[in-house]
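Over in TrEMBL, the protein carries these features:
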type	residues	note
DOMAIN	5-196	domain 'Glutamine amidotransferase'
ACT_SITE	80	active site, for GATase activity
BINDING	80	L-glutamine binding site
ACT_SITE	189	active site, for GATase activity
ACT_SITE	191	active site, for GATase activity
ACT_SITE	240	active site
BINDING	333, 476	substrate binding site
ACT_SITE	406	active site
Ligand code: 1PR
């Protein structure tokens, strides 16, 4: 008897398990239908695609037992897809949901905003007359979804009696949590919502099970409470990871992607060595506690070997996920690989290993370039669906797939240039940096960490990966990497204006002001830095303090 977790085998449930362990709660896993009878309370952390979730529940004989458990009146806590399956259906899938809440799940409009809704937003209680269930209107919670239950009391009055909180994204108000009888479920991920989310999980678990069985229906209100917040801007701390010359995995940092110490800046015995800025797990924990909204671990030499053979990287992810309760993105080597013994490893299997280790998103670099080149060469509008982006997005949801772009500027003489990508040219300003004056440039894609340029522009790559199903784009810049000169705002704007999915600006941050600049002068949802955080030149709290003073919405720790 006791608390059980339901894992349908296609999502990062490890994060929830890590949260419960960190909070001191024991639990068991539902492994087959008979286990439901032993559960006196159940948490279903659903990550990924609705179709995949329903498909796995049905194929494992868990779908009906789940419905029977919920209808038995025992406490149920659903998370993300674990909330959406309570509804009748989803526009994301042909499969039906449990139909316990009589209304459909629909897709966000992307007319006025990026989709998926990815980041930290508030959850506004529909009434303060009821038990808040740990939902704190002044906290921020992590959302990552393209579909939602839209708040619509006129069309779905019975369903809206389940509403516990609503959230506004763009011009749309949707149901961010439901609570009625023995059911409590959140669209956001409390296990990835830092201290506020952990407090919510802990509150639900510390209550006696009898306290979770008779939650009253919500009042039907024509308009939900005025949202107090909007989506915050995200600050991402990035750790470029590789083995140093002694074979230890270290956090390194490139200077325009060159990670080796220069003779001029170090003592003779470290000249040429791989820069060592610390241990990955220790730095991940440090940045989580310092208020980073997301962490990114990039295995920058993974192109040399199969990441599944690279057990140290999986061990780093597993260890980091045990002490970090905000989203964790893992990049490097997410592609079809062949092990030294000839075993083929599809990208989906490589990604699955990282998700099971506790990653929330995987970042694809080189493979995305090749996939878009292949798509463009086919002359078709869509691919054959067998590539890394498509297969991972299909199983884990597009929000789990980030594409990391490694562009390098190609300078041309604007007076005489007659080459490709004229529409993407950026022109140097007379009062701009000396190396830009009188010149123009476009941005060329590279693979293998900038070691090889490819016949593809960043706009072609960005729009190509959006077509293939990527959920977010990480825009690096080889020219700005490690320079401290600030983000390449021309590059960031060029990409942000060419896609409808969220974009993360990266490379070049040197001061807190650079974060204000990128959020004031582009529409990116997030900004990433590495060197200034590793070298402790700027603290994350200082960045957020300056952003708040510029009236830019950011999450408190
Ligand atoms: O091609 O799918 O195996 O992925 C490889 C991944 O490793 C890609 O995401 C690629 O960007 C990254 N990578 C490869 N080589 C390097 C290198 O530095 N030699 N890291 C590298 C690139 C870019 C950012 C960096 C920001 C912020 N790093 O991650 O952290 O530029 O730096 P800053 O704030 O110090 O300026 P695949």
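Here the Cβ of each residue, glycine as well, is placed from N, Cα and C on the backbone.
Structural mapping of features recorded in TrEMBL.
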residue : record                           : CB count, 10 Å
80      : active site, for GATase activity : 28
189     : active site, for GATase activity : 26
191     : active site, for GATase activity : 29
240     : active site                      : 28
333     : substrate binding site           : 29
406     : active site                      : 28
476     : substrate binding site           : 27
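Measuring Cα to Cα from residue 80 (active site, for GATase activity), the recorded positions that fall within 10 Å are 189, out of 189, 191, 333, 406. According to its DSSP assignment, residue 191 (active site, for GATase activity) is helical.
Listed in sequence order, the active-site residues from 189, 191, 240, 406 having a Cα within 10 Å of the Cα of residue 476 (substrate binding site) are 406.
Per-residue pLDDT, averaged along the domain 'Glutamine amidotransferase' (5-196), amounts to 93 for this model. When the Cα of residue 406 (active site) is compared against those of the recorded positions 189, 191, 333, the shortest separation belongs to 333. When the Cα of residue 240 (active site) is compared against those of the recorded positions 189, 191, 333, the shortest separation belongs to 333. Only 240, 333, in sequence order, out of the recorded positions 80, 189, 240, 333 have a CB under 6 Å from ligand 1.
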